[in-house]
Structures are given as structure tokens and as C-alpha cells.
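Straight from TrEMBL, the features:
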TRANSMEM  20-38  transmembrane segment
DOMAIN    103-238  domain 'Fatty acid hydroxylase'
């Protein structure tokens, strides 16, 4: 059954803006944590400052622009699919149905993002003029997770989210939880930290180290899967195994298996 969310705000409004707020709260948590977690970094703080090709101010502006587009599309989507009063009959949806909807939405989102993401690497024009903006973050960090070209943000994230919502059949109320969860997962994958006890690392092979490999030059043609599973990489031969090794100066480093590094 669904939780009673009588907050005086519509489910559509919460479904639109809760994930945006969650993004900044969760990424802010990692920003603060990163100040005291040098021993758990995948890159040094110095590398984060020196190697990235875009300022953090520009990253914040880019993310806010994408979130504005995302909010407009979500508002239109909810307007077309119906109001929360029309979906009130779904308030007592069983946990089994909710689980099916969540898993379906996760698979739809993963499938859409894998093939769109991979194509943006294969198409030289799209990579040069659109996707390369995200790869200016050679050393990923939490609030850079949604730093993309606006067109990429629309095609990859916003449309992918809309398809997940529509094809899963979830209600606006369920979408509050799904998109907040997907946002947290995406931020976690870009946080640049390998923390002990991180549940995402325990339950998902697609995690901060896995995605960090993709942001490095040697992994640019691998590990396209995001944000949940790695199945498409494994099925289609773009999976790059890696090992996590301790740096002498502190922290961790994700390194590809030798067979891939020698290619």
C-alpha cells in the first residue's frame, strides 16, 4: 500500500520537485563528507581541482538548467496523464504491484540510457558537441552527476524518466519515491568516494567505482550502463572489469584488468 502523503501539495507537484530537492541535499551531504574522507576518495582532492575542465560554478548553472527543463517536462507529463485525484484509486496499490512497477521502471531507464549513452560515444558529432560536456568532469563529484548539455539532459535523463513512468504504469505518488531513489543512485555513482557500508555498493555492481572507470580515458568506450544495473554492458561486450587498489597517499584507485588496459 502507498504511504499517506497529505501535505497539502499534489502528488504531481511532489513528483516534479522532490527529486530536484533530493539532488542538492544528497550531493551536499557528499560535498561535506568529502572534506573529511580523503582516505575513501577515488581521486585526490587535488586531482578534482586540477584535472576537471569545467568550473564548479558552471557545473551548478548547467545542472540548474537541466532541472528547469526536467520540471517543465514533468509538469506537462502529469498534466497529460491525469491528476492525483484521478489516481486516488491507486493509493492502496499492493507492495507486489509497486515492486513490479519499480523494477520495470528501473529496467526501462537502464535500457534507454545505455543505448542513448553508447550512441553519444559512437557518433563523433554528438560526442564532440553534446556528450563531451559531461566528460569534462574527468574526476566525478556528487553535484556534477547531472551536468550535461541541455539536449543530452532532455534526451537521456528527462525522456528516459518519462518512459520509465509511462511504461511502468506507476502513479504520480509512486513516482515521488522512484525518481527520488533514481536521483540518489545517480548522485551516489558520481560521488567519487568508496565508503565502507555503502548499501549501493553492496546491492549494485553499477556504483561509483564502476562509473569512475567510464570517466577515465582508458574506460571511455566501456561501462556505459547507468544508473542501476550492468546487464547491457555484459550482454553487449562493453563491460570493463576493474580492481580497487589502495593508493600510497591514501584513498582508492579503480584500475582496469590488464587485458583491457593493454588494448
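One is the number of the first residue shown, and numbering goes on along the chain from there.
Cβ from N, Cα, C; glycine included.
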Per-residue pLDDT averaged over the domain 'Fatty acid hydroxylase' (103-238) comes to what? 97
By DSSP, what is the split of the domain 'Fatty acid hydroxylase' (103-238) into helix, strand and coil residues? 93 helix, 1 strand, 42 coil
